[in-house]
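Copied from Swiss-Prot, the annotated features are:
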TOPO_DOM  1-8  topological domain 'Cytoplasmic'
TRANSMEM  9-25  transmembrane segment
TOPO_DOM  26-365  topological domain 'Lumenal'
CARBOHYD  N65  N-linked glycosylation site
CARBOHYD  N301  N-linked glycosylation site
CARBOHYD  N327  N-linked glycosylation site
Amino acid sequence: MWPLSHRHLCLAFLLVCVLSAISFFLHIYQDSIRHGLGLSILCPDRLVTAPVAIFCLPDTPMSPNTSSPCPQHPASLSGTWTIYPDGRFGNQMGQYATLLALAQLNGRRAFILPAMHATLAPVFRITLPVLAPEVDSSTPWRELQLHDWMSEEYADLGDPFLKLSGFPCSWTFFHHLREQIRSEFTLHDHLREEAQSVLRRLRLGRSGDRPRTFVGVHVRRGDYLQVMPQRWKGVVGSSAYLREAMDWFRARHEAPVFVVTSNGMEWCRENIDASKGDVMFAGDGQEASPWKDFALLTQCNHTIMTIGTFGFWAAYLAGGDTVYLANFTLPDSEFLKIFKPEAAFLPEWVGINADLSSLWTLAEP
């Protein structure tokens, strides 16, 4: 037998090192598959238009104005939960918050789908990781449609792979995590600064003074003008309701200014009394890019909302006093089967009853 040279020994040592490294990474990959982590994760530190499957490494640096780039799940969590991203901006905020809360409650890892990331990540510093489409399509999901209030059975869901659906937006799911939810829905700096710049430029009409108290007003119009009376036997916020809500704030706060946003700004200018000089029509009404109006509302001190999840989230994040439109459907409305007012509005919020006279007239034989 030929004696091994020093060169041969070095080559053999390098070969052993390479094989050991390959074996180590294969072990990690197989272990991740076995524990439900056979997932390709999209790092949501930027808007991804063509998702690719990558593994995020811990402690990846991120700028202060981006979403968290990698999963932040505690090691004790297991399984994989996600939720269908359905509806528009406010709907998807509700779905995100509910997924996060229920997954934590049940000790599961939460992931969002790329469509939800595309809706929310440009606006907020969200941290939930994104599930790659190929993983979504190959996972053996059990599906569960949620109703819009917390139920006891949702606290004990044993499914390791669960895909939720529905339009949950009730504080009963996530209010115990309010500070975490508010952190998830922190605006990116440029949106917050732009909104604050708009507010700084506002002046009270009669005195020219800079206001100290800002009341965000969200007036939902658009498709709800037909949907509410025709499908749900309901109404949207009227000019009389808005006047009463504004008077409520005028009676309790010194010289407030009302910052009006809506997807029907023309109606607002024609129907909201601005003669006192304290009403500012600041919204741009662009439904395709709602984040400017939303950012403006969240930077106000208080909120007047009409109906809809957009107004709910503006009020929830702004804090302060909130006035909402109450009893906006007839008692026999099918809407009340899927909507519980006590689960939709925080107990400390103030409700002003809607005027249903137009609906009673239509209901008469």
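Heads up, the Cβ atoms here are built off N, Cα and C, so glycines get one too.
Here the structure is a predicted model, which means the values were calculated and not measured.
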*asked:* What whole-number Å value do you get for the CA-CA distance of N327 (N-linked glycosylation site) and N301 (N-linked glycosylation site)?
replied: 25
_Among N301, N327 [glycosylation sites], residue with fewest other Cβ within 10 Å_ = N327
